[in-house]
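A quick write-up on the structure given underneath.
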Amino acid sequence: MERREFCASLLAGGTAGMCVDLILFPLDTIKTRLQSPLGFSKSGGFRGIYAGVPSTAVGSFPNAAAFFVTYESAKQLLRSDSSYLSPIIHMAAASLGEVVACLIRVPSEVIKQRAQVSPSSTTYQMLSATLRQEGIKGLYRGYKSTVLREIPFSLVQFPLWESLKDLWSWKQGRAVDSWQSAVCGAFAGGFAAALTTPLDVAKTRIMLAKAGSGVASGNVLFALHEIWRTQGIMGLFAGVIPRMTAISLGGFIFLGAYDKVRTLMLREQ
């Protein structure tokens with residue numbers, strides 16, 4: 001990847017990610033509380049819906065930037081002239097991007113979610129308590145479950161986003177505009193969000209579980225089984241509506257803003 005493309009992906013991805021995470025933070029808080037083992041009301045209800053936002057503010061830019069730099073680099077590295085291979089290349093690039101981005105995302109997500117279900121505690125208090133009780137390892141609790149959520153999500157979202165853009169571009173005989181890319185992103189994100197909600201619930205339960213419990217071990221299948229055993233299908237899809245809403249809106253803003261900022265930067269350089 002050329003330096004100008006690297007810088008464009010870095011800044012466009014980071015800017016888009018930070019905008020989305022901060023704008024849609026209240027919906028994310030509601031979703032997390034619906035998925036909490038304590039239940040919505042005991043986790044704070046509609047009170048303190050910006051609890052944990054400092055963690056997101058710190059982690060959003062580097063997380064999104066890391067994803068898109070890896071995604072664009074992998075796409076170029078795996079580039080093929082065959083149109084049939086394009087979806088596979090997009091899937092592989094997105095998966096690699098998620099593995100890298102989760103190294104930054106997971107510590108931020110752990111602290112954010114614990115603050116969201118304990119609105120009386122500050123982000124700093126949550127960080128201190130996690131480090132004191134579990135050490136650095138505690139910040140990465142749920143890394144595997146997050147990757148196992150993000151990879152299937154990206155395997156659906158990004159190839160679908162790219163395919164919808166290609167189809168729209170072919171229909172109108174020119175490249176899609178930023179707003180059209182955003183519409184494609186909203187549809188792709190919402191669809192992927194619905195399909196992967198059970199994995200998101202499992203990830204939330206693992207991150208919020210008491211240290212030493214079976215769920216806290218990080219075994220996704222065990223977490224899914226426990227949710228199914230105690231709450232059934234409703235438990236597996238807890239928070240699906242706010243998750244779909246947030247990610248659809250997020251896809252519209254995130255992928256539209258990413259395309260717009262990246263195009264502008266490459267045009268100016």
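Cβ atoms are placed via backbone N, Cα and C, with glycine included.
Swiss-Prot lists 4-77 with the feature repeat 'Solcar 1'. Along the repeat 'Solcar 1' (4-77), the predicted structure has mean pLDDT 88.
Per Swiss-Prot, transmembrane segment is recorded for 5-25 (among others), and the stated evidence type is sequence analysis. Beyond the transmembrane segment (5-25), the same-chain residues lying 6 or more positions past its ends with a Cβ under 8 Å from any Cβ of the stretch are 49-50, 53, 56-57, 60-69, 71-73, 246, 249-250, 253-255, 257-262, 265-266, 269.
As annotated by Swiss-Prot, transmembrane segment applies to 49-69 (among others).
The transmembrane segment annotation in Swiss-Prot covers 84-104 (among others).
According to Swiss-Prot, the repeat 'Solcar 2' annotation covers 85-167.
Residues or ranges marked as transmembrane segment in Swiss-Prot (evidence: sequence analysis): 141-161 (among others).
Summarising the annotation, Swiss-Prot assigns repeat 'Solcar 3' to 176-264.
Annotation comment: Swiss-Prot describes 181-201 (among others) as transmembrane segment.
What Swiss-Prot records for 237-257 (among others) is transmembrane segment.
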Cβ under 8 Å, sequence separation of at least 6 from the ends of the transmembrane segment (49-69): give me the contacting residues as numbers and ranges.
1, 6, 9-18, 20-22, 25-26, 29-30, 97-98, 100-101, 103-105, 107-109, 111-116, 118-119, 121, 123-124, 126-127, 254, 258
What else in the chain is close to the transmembrane segment (141-161), if you only count residues 6 or more beyond its ends and a Cβ gap under 8 Å?
71, 86-87, 90-91, 93-95, 97-99, 101-103, 105-106, 109-110, 134, 181, 184-185, 187-189, 191-193, 195-196, 199-200, 202-203, 206-207, 216, 218, 220, 223, 251, 255
How does the repeat 'Solcar 1' (4-77) divide up by DSSP, counting helix, then strand, then coil residues?
56 helix, 0 strand, 18 coil
